[in-house]
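S.K.: For reference, the structure I am asking about is given below.
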Amino acid sequence: MAPEIFVKFKCASRDIKLLWASVFLRLLSYGLTNQVLTLFLNAINMTEDKIGLFMSLTLAGDVICSYILTWYADSWGRRRVLVYGCAMMLLSGLVFSFSENFTLLLVFAIFGVISPSSDEVGPFKSIEEAMIAHLSPHNARPEIYAIHALVGTIGSALGAIICGIFVDLLKRTGLAATDLQCYKLVFLLYAFFAFCKMVIMLLLSDATELDGHYEHTDCNEETAEPLDVNDETAPLMRQATHPEERSNKLSKETVSVLMKLLVIFMVDSLGSGFMTSGWMVYYYSKQFLMGSLALGTLFFITQLVMASSTIPSSIIARCFGPVRATLLVQIPSGIFSILIPMAKNYLPLSILFLNLHFATTAMDVTPRQILLTNIIKPRDLTKVMGVVNIGKTFARCVGPIFTGILANNNYLWLCYIISGSLVITADLILACMFLGVDAKIKKQMNRH
């Protein structure tokens with residue numbers, strides 16, 4: 001499987017490689033700000049409950065903007081939407097670098113692109129994943145999505161350690177007199193990487209605008225069929241012959257599947273929102289009094305651990321099918337999350353549980369992408385991925401409010417338990433709704 005990964009990497013089209021570079025820079029940028037956002041807000045005298053509200057409003061704004069941008073991305077132009085997103089990243093970074101005004105920061109956090117954690121925000125993820133689906137055949141998707149997840153996670157890891165080293169260097173050299181000045185310079189670096197990402201988006205070819213209305217030609221692949229839970233099928237890429245297919249409406253079959261997906265992903269994201277990586281940084285900073293370099297090193301290691309799990313995730317998906325693969329990795333991840341606060345007085349054990357959590361938490365990314373791209377009709381894929389990611393972000397909006405309140409009352413540790421419990425619940429719902437399609441998707445993935 002590993003050699004096959006390298007073959008897919010080497011043989012990938014120029015556009016897919018550019019998309020990999022894009023997700024690398026984006027997650028690197030989010031990794032930078034993830035290390036300092038909660039500490040920055042605390043440094044400008046925001047209370048913990050107010051920080052939680054700030055994060056929730058940021059995510060709520062992302063829901064609204066992402067909904068509009070992803071829903072109309074196909075008609076407005078995917079590349080144009082991605083370039084706009086990069087511009088908003090750049091502006092947000094500049095505002096956070098030069099302002100301490102709560103209202104101004106909140107406006108640019110809501111309408112710009114600032115990640116309250118190292119997770120995805122903005123319209124990028126759903127549009128890029130839809131592009132990859134339309135640029136790659138079914139039998140190559142597990143490896144291509146695994147590489148996509150891998151480079152993103154590596155970017156996030158590098159962002160964490162770069163931030164730690166950068167802040168430590170600023171303090172040692174005297175270039176920044178206070179922690180707050182260091183945090184502002186980190187946001188300036190974020191703006192620079194946003195500009196680099198914008199350049200990459202401008203280099204994408206016209207092929208990234210193609211979708212399910214066009215034939216996918218691959219001399220080694222038979223025409224693949226998307227699966228739905230009712231066993232209905234449709235060609236992977238075909239010419240649209242009915243005006244309804246060119247409209248912005250989803251088919252009835254797609255809406256039925258989408259409702260089930262939303263329940264699963266929103267419960268999962270509700271759990272994730274209770275303890276984002278931004279709050280994890282805050283937890284270790286306050287609970288164990290860790291400095292910037294130590295925090296950067298810790299989350300660099302956790303992100304590397306998470307990155308190393310993305311390749312095995314494609315192997316597990318091929319062997320067991322996407323649904324069983326998700327269950328095998330996500331239930332242990334939830335359990336490890338619950339165990340983290342049990343070691344709140346013993347740092348080495350806490351770090352062990354944290355790394356075990358990160359080792360399993362991202363292993364469901366590839367299986368879930370495979371599930372989505374196999375049960376959704378190609379012409380609906382961009383919109384469905386957009387709605388799913390928006391639903392996930394909306395669900396994540398709820399958690400930070402309660403996290404802030406709990407943190408303000410010295411119960412931040414409880415959020416680990418709530419988070420893990422909700423993730424396990426989402427996995428059980430997934431098993432009930434989609435376990436039956438595993439065998440067919442597995443067969444389609446392993447077709448040569």
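Just so you know, glycine gets a Cβ as well, placed from its N, Cα and C.
Residues annotated as topological domain 'Extracellular' in Swiss-Prot, with sequence analysis given as evidence: 1-50, 115-146, 206-260, 309-333, 408-416. Residues or ranges marked as transmembrane segment by Swiss-Prot on the basis of sequence analysis: 51-71, 94-114, 147-167, 185-205, 261-281, 288-308, 334-354, 387-407, 417-437. The feature topological domain 'Cytoplasmic' is assigned by Swiss-Prot to 72-93, 168-184, 282-287, 355-386, 438-448, with sequence analysis given as support. What Swiss-Prot lists as ATP binding site is GLY386, VAL387, VAL388, ASN389, ILE390, GLY391, LYS392, THR393.
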S.K.: Name them in sequence order: residues not among GLY386, VAL387, VAL388, ASN389, ILE390, GLY391, LYS392, THR393 whose Cβ is within 8 Å of the mean position of the Cβ atoms defining the ATP site.
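M.R.: Residues close to the ATP site, other than GLY386, VAL387, VAL388, ASN389, ILE390, GLY391, LYS392, THR393: VAL63, SER66, TYR67, THR70, SER126, LEU262, PHE265, MET385, PHE394.
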S.K.: Flag the pair the transmembrane segment (185-205) / the transmembrane segment (94-114) as in contact if three or more Cβ pairs fall under 8 Å (sequence separation 6 or more).
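M.R.: In this chain the transmembrane segment (185-205) contacts the transmembrane segment (94-114) - 3 or more Cβ pairs sit under 8 Å.
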S.K.: Counting other Cβ atoms within 10 Å, pick out the least crowded of the binding-site residues GLY386, GLY391.
M.R.: GLY391
S.K.: Would you list the DSSP helix, strand and coil counts for the residues of the topological domain 'Cytoplasmic' (72-93)?
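M.R.: Across the topological domain 'Cytoplasmic' (72-93), DSSP assigns the residues as follows: 20 helix, 0 strand, 2 coil.
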S.K.: Which residues, sitting 6 or more apart from VAL387 (ATP binding site) on the same chain, put a CB under 8 Å from its CB?
M.R.: TYR67, THR70, TRP71, LEU258, LEU262
S.K.: Can you tell me which parts of the same chain pack against the topological domain 'Extracellular' (309-333), counting only residues 6+ beyond its ends and a CB-CB cutoff under 8 A?
M.R.: 1-2, 5, 142-143, 145-147, 149-150, 153, 268, 356-368, 370-371, 374, 420, 423-424, 426-427, 430-431, 434-435, 437-439, 441-442, 445-446
S.K.: Under 8 Å Cβ to Cβ from VAL388 (ATP binding site), same chain, six or more residues apart: give me those in sequence order, or none if nothing qualifies.
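M.R.: When sequence neighbours closer than 6 are ignored, VAL388 (ATP binding site) has SER126, LEU258, LEU261, LEU262, PHE265, LEU372 within Cβ distance under 8 Å.
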S.K.: Residue list, the topological domain 'Cytoplasmic' (168-184) vs rest of chain: Cβ under 8 Å, 6 or more residues beyond ends.
M.R.: 36, 39-40, 43-44, 96-98, 291-293, 296
S.K.: Report, as a single number, how many Cβ atoms besides its own are within 10 Å of the Cβ of LYS392 (ATP binding site).
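M.R.: By my count, 26.
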S.K.: Looking only at the topological domain 'Extracellular' (115-146), how are its residues distributed among DSSP helix, strand and coil?
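M.R.: So the counts come to 21 helix, 0 strand, 11 coil.
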S.K.: Mean pLDDT for the topological domain 'Extracellular' (1-50), as a whole number?
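M.R.: Per the prediction, mean pLDDT sits at 84 for the topological domain 'Extracellular' (1-50).
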S.K.: Any contact between the transmembrane segment (147-167) and the transmembrane segment (288-308)? By contact I mean 3+ C-beta pairs closer than 8 Å, pairs at least 6 apart along the chain.
M.R.: yes
S.K.: Are there 3 or more C-beta pairs under 8 Å linking the transmembrane segment (261-281) with the transmembrane segment (417-437), counting only pairs at least 6 apart in sequence?
M.R.: yes
